[in-house]
Structures are given as C-alpha cells and as structure tokens.
Amino acid sequence: MSNPRILIVGPPGAGKGTQSANLAEAYGVEHITTGDALRANKDMDISDMDTEYDTPREYMEAGDLVPDAVVNAIVDEALSQADGFVLDGYPRNLEQAEELEGMTALDVILSLDVSREELVDRLTGRRVCDDCGTNYHVEFNQPEEDGVCDECGGDLIQRDDDNEESVRNRLDVFDDNTAPVIDHYGDHDGFVAIDGEQTPDEVWSEIQDAVDAHTA
C-alpha cells in the first residue's frame, strides 16, 4: 500500500509529533494535526452548526474550546483532501473516535506507551525556542550553547504549561478523555502498541516495522 492511513495516539510528551513527521516523510503522506487543521480553516463558515460563533477563528481568539462538531467537520475536510495521512491529536474522546469511523478507514493505529513519571520528566524539562519553535530538553536534547537555539539563535524558554503542576493536570485530562480512545481501538486489526520509552531511533524502527507489516 503506497499511501497508508495512519493514526498515532499517546499522551502529551510521548513523541507523537516527532514520529508523525518521520512517517510523513518516509511514506509520502500528509501529517494532519488538529491544531494545523483548525488554523488552516479558521475562517470556515460554521454559522449553520448552531454554534456560539460563526468561525473557528472567533473561538480561538476568545480562548474558548472549539466544539466537537466544528473540529469533526474540519478534520473530515482535511482527510478528504489527503492521499494517505498520519493523523496526530485527534480523536481526543470517544465521541470523536466514533465520528472518525464515519470519515475514513484506518490501516494502522500506533499507540505510544510511556509511563507517567517519564512523561513528567520529559515535559517539565522541555525548552522551546521563543522565535522558531524548535524543541530542546535540559537532559537529552541540549543546545550547543545553553539557553540559545541552534537553529536561529533565539532564546529558549519553558512554556507556561510545562511546569509540573500543569503537566500533571494535562496528563489527568488525557487519562480521563483520551485514554479510553486507545482502549476503543485495542481490537482493531491494525492496532500496535509501541514502547515509547526507547530512544527515538528505536521507536522509529519499531514503527516502521509495524506500518510495513500492516500495509504490505
């Protein structure tokens, strides 16, 4: 199969973004994230959806949660335009998972498994370039010069939501809402659990084996 349809799931900090980028490049498919899809369709007319606002942009600018119905419509539009994809960041709950089943079939579902304490260490140690967004880590992905981005020379910062209290709250939200999605897909023929605590290269090797085995 030349253009696989891949879903990658896992908690914040599991490495979904890194491995999704690898998948998109290696298999020539589109990397679709909820955030990117929302930004690309922020002026979409949703006035017929009985929502508070008429466009996703208004929700985003107000800092309000975009309703599931709007997110579903935007993801559906993105998937309909993609010839093969890796979907990252959706579905976030069982209702969205049920909607996704009506949008497309999935060939492979990759679940990145990482322990909570490892996730806390990863996320609280993350540093992000304030200019270009490149990610670093205080332990295992340090810049050449402390506090300075290798790519653009910008300042490295800790995001406000990467402090320990916020991280643990985010993981609680994941456990409550998104972990049941992983259980939901457990019986899917293409479901593969990946040990996300390996090195990124080891994780990538295991992912390639899984995708190749389910899309041959």
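Backbone N, Cα and C define each Cβ position, glycine as well.
Annotation source Swiss-Prot lists ATP binding site at GLY13, ALA14, GLY15, LYS16, GLY17, THR18, ARG126, GLN198. Annotation comment: Swiss-Prot describes THR34, ARG39, ASP64, LEU65, VAL66, GLY89, TYR90, PRO91, ARG92, GLN96, ARG159, ARG170 as AMP binding site. The Zn(2+) binding site annotation in Swiss-Prot covers CYS129, CYS132, CYS149, CYS152. Among the features that Swiss-Prot reports, region 'NMP' is placed at 33-66, with the record citing sequence analysis. Taken from Swiss-Prot, the feature region 'LID' covers 125-162, and the record attributes it to sequence analysis.
Sequence features, as recorded in Swiss-Prot, placed on the structure.
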residue	record	CB count, 10 Å
GLY13	ATP binding site	25
GLY15	ATP binding site	21
LYS16	ATP binding site	20
GLY17	ATP binding site	15
THR34	AMP binding site	19
ARG92	AMP binding site	17
CYS129	Zn(2+) binding site	20
CYS149	Zn(2+) binding site	22
ARG159	AMP binding site	12
GLN198	ATP binding site	14
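CYS129 (Zn(2+) binding site) sits 10 Å from ARG159 (AMP binding site), counting Cα to Cα. The maximum pairwise C-alpha distance among GLY13, ALA14, GLY15, LYS16, GLY17, THR18, ARG126, GLN198, the residues recorded as binding ATP, is 18 Å. Set side by side, the binding-site residues ALA14, CYS132 differ in how many other CB atoms lie within 10 angstroms of their CB, and the most is found at ALA14.
Residues THR34, ARG39, ASP64, LEU65, VAL66, GLY89, TYR90, PRO91, ARG92, GLN96, ARG159, ARG170, recorded as binding AMP, reach a greatest CA to CA spacing of 28 Å. In this structure, the C-alpha atom of THR34 (AMP binding site) lies 12 angstrom from that of GLY17 (ATP binding site). Within the same chain, residues at least 6 positions away in sequence whose Cβ sits under 8 Å from that of ASP64 (AMP binding site) are GLU52, TYR53. When the Cα of ALA14 (ATP binding site) is compared against those of the binding-site residues VAL66, CYS132, CYS152, ARG159, the shortest separation belongs to ARG159. Its Cβ placed at the centre, ARG126 (ATP binding site) has 18 other Cβ atoms within 10 Å. THR18 (ATP binding site): 14 other CB atoms within 10 A of its CB, across all protein chains.
The DSSP breakdown of the region 'NMP' (33-66) into helical (H, G, I), extended (E, B) and coil residues amounts to 17 helix, 1 strand, 16 coil. Cα distances from ARG92 (AMP binding site) to the binding-site residues LYS16, ARG126, CYS149 are smallest for LYS16.
Using the Cβ center of CYS129, CYS132, CYS149, CYS152 for Zn(2+), the list of other same-chain residues with Cβ within 8 Å runs, in sequence order, ASP130, ASP131, GLY133, THR134, ASP150, GLU151, GLY153, GLY154.
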